[in-house]
């Protein structure tokens, strides 16, 4: 069975992506066998889902219609999305709702921390929508969430996946000062495709953000991700890898882009598992500490095991 994507908001019947309704339809291609997944039905999946509902937390697993939700939630792994479920950007690839966000919930850091403690997570991934409406882009809220998790679950390692904080001076410094264990910011695609795929962002702003994290605190692991199958070529991907290595990024993820609705960017092609293996080999040769490149790779997929391997890889490199 395939996981079906909810294209509408629950209740009210409003379109989830009204800003995309003027765009022509892009038919959704049938997925090849190597990226089809079973519908989630494990008892622990339902327990995790119930806990998220009870704590009134949003997850990127649901909002972005992640194909790995069944596997991850069955292991009590969920990526929590803070600062609401409404994003101020309208990226052509993303299934998160676009619109005017609600004010920040002051109790959200405590609710996130409680959920992390109850799930007994060794490693947690926290992401967010873009909040261009806030003076600091939500930086102080990120810091508050990190602090609350440290207090409630001191042994849990924390990975954050942040927006670009475009035109938010001082915001990055606030987040880095909270000392997450991993700072992830996805470049998403190659520079040539930014105008059509990520129009609200700037490639070199994202690259500078990652570079600046390492300048501020070299002990923090940095991570970035790319989508494959949007029309990029191998040479362009190699150049992005080089840019990331110049910025001293430790961990690269590459996964297949999957089109959420007919109003989103079309899949240019489905990249084969062998091609992903080739990209992984190329990335390792360029010096990344860790690489995950498979059709179903997503930013937080297997993040707990990957973090343990990342620490071991750094220790081995320093010992060499």
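Along the chain as shown, the residues are counted starting at 1.
Backbone N, Cα and C define each Cβ position, glycine as well.
Quick look at what Swiss-Prot lists:
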REGION    1-27  region 'Disordered'
COMPBIAS  16-25  compositional bias 'Basic and acidic residues'
BINDING   61, 66, 72, 300  [4Fe-4S] cluster 1 binding site
DOMAIN    73-289  domain 'Radical SAM core'
BINDING   87, 91, 94  [4Fe-4S] cluster 2 binding site
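Residue 87 ([4Fe-4S] cluster 2 binding site) sits 24 Å from residue 72 ([4Fe-4S] cluster 1 binding site), counting Cα to Cα. Cβ neighbour count for residue 72 ([4Fe-4S] cluster 1 binding site) (all protein chains, 10 Å cutoff from its Cβ): 24. The two recorded residues residue 300 ([4Fe-4S] cluster 1 binding site) and residue 94 ([4Fe-4S] cluster 2 binding site) have their Cα atoms spaced 16 Å from each other. Minimal Cβ crowding within 10 Å, among the binding-site residues 87, 91, 94, is found at 91. In this structure the alpha carbons, written CA, of residue 91 ([4Fe-4S] cluster 2 binding site) and residue 72 ([4Fe-4S] cluster 1 binding site) are 25 Å apart.
With a 10 A radius on its CB, residue 300 ([4Fe-4S] cluster 1 binding site) counts 27 other CB atoms from all the protein chains. If you take every residue in the domain 'Radical SAM core' (73-289) and average the pLDDT, you get 96. If you measure from the Cα atom of residue 94 ([4Fe-4S] cluster 2 binding site) to that of residue 72 ([4Fe-4S] cluster 1 binding site), you get 20 Å. For the recorded [4Fe-4S] cluster 2 site, residues 87, 91, 94 set the reference point as the centre of their Cβ atoms, and the other residues of that chain within 8 Å of it by Cβ are 89, 90, 93, 95, 96, 98, 129, 130. Under the DSSP three-state reduction, residue 87 ([4Fe-4S] cluster 2 binding site) is assigned to strand. The DSSP breakdown of the compositional bias 'Basic and acidic residues' (16-25), given as helix, strand and coil counts, is 3 helix, 0 strand, 7 coil.
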